[in-house]
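Single-structure report; data block below.
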């Protein structure tokens, strides 16, 4: 169904984004020294900073707690691999006598602040622009990191939970606002690799955070563990200020972008200003099967990913008698594999699309199948490895590595369906997916309880694998790469004031709904920085 041609006025920063055929673009800037790549790099660093702030407490709390002072029963281990020796951490005790349940509350306090802000920030970013919410949110997150040591020592558990909760609130905009900015800066034929590059910052941040936090806890200043929050607080603050200064809401708002690149991006994305910014079509979204395909894929991913990354190490300790956390390199290896594979497969995905070998819909489903079926099969395989440490670690690494395919699958698919409302859709799916991720340790804990046998762990792995495969299959059946009918700008309310106030009209091709090869886009560029 082609879009009608219409007479357009000059572009303003609150106009709509539509994608049309990019094959006729002759003025595409070459090389990597372009503004959109700089924006991508800054978003990558922002995602890395976000995951550093999220994961550093899990390392720091080990050094903060006085394990000797905690009264606890003997840890239950399975004796099926009794010939293995459990490695003991001989690190010094910390200053806080927090039980395991109290530590759980502290670690989860960040998560609750993060989850409740997803949908509100998705709506606000759509209406007011994403850049300032993202920049100021991460600045709040970073500044409050400096208060963690004081809160722990002076405010106790409640004070520390309050600070971590506020940090979670500040990090809330990172995913929906990042999605909204990608829609405004990245042309469709570059979206797989650019989106994967940005979201791979999550793995990069974890790779940096885990070993570096361990070193700072052991050798850092101000008593060791406080230096974790001081160092990463400085890094996050510097990034936030640089982001607010050097990054702009969209190409038209950027004062120093090369004119050829601005024209290239705008010709790919910009449409007309005679269309009023439409309200979010809540009812249509709630009735959209492609939206539910993304939602279930996202929820299945988070459940399976939490099982892979939190429960397999526990399995290796309880059954295989091997603590993965005792070796920083090994604990970072699965994240490294996922990071590298996501970069590799994103290039393949964009090549499949730009070369017309597969439609956009088919490409998303193929790559996403690797990202969800692969880990599912790895979980099944891990339940049959017996007492083989090396094989279990290899399967863990391969499974998490293949999981990187989701970044060029469902994770970027919001932009294909409805780039004008992509940030809002990501806010919904990310919120519910994080809640689903909570079920993984709860389910495993109830199944294992006082019986950490291979048989019980096999049930845990099979459930996670079933969730991965079922959700991936649902996505393959109902997923789509087509822009949805409820995001058709032809149906939007017109702005007659722009027509009447302009002395000249310009005939401009608006484009068409894509049936396959290029991502059909339409987004509203929200209010840009003044």
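Any Cβ shown, glycine's included, is placed from N, Cα and C.
Keep in mind that TrEMBL annotations are predicted by a computer and have not been checked by a curator.
Feature transmembrane segment, per TrEMBL, maps to range 196-216 of the set 196-216, 259-279, 280-300, 301-321. Between the listed ranges 333-354, 355-376, 487-508, 509-530, TrEMBL ties the annotation transmembrane segment to 333-354. If you look at the transmembrane segment (422-444), the same-chain residues 6 or more away from its ends with a CB under 8 A from one of its CBs are 111, 114-115, 118-123, 125-126, 130, 175-177, 179-180, 182-183, 280, 285, 291, 294-295, 298-307, 310-311, 314, 414-415, 460, 463-464, 523. Beyond the transmembrane segment (133-152), the same-chain residues lying 6 or more positions past its ends with a Cβ under 8 Å from any Cβ of the stretch are 46, 49-50, 53, 57, 64, 96, 121, 124-125, 159-160, 162-164, 166-167, 169-174, 177-178, 181, 222, 225-226, 229-230, 232-237, 239-241, 243-244, 247.
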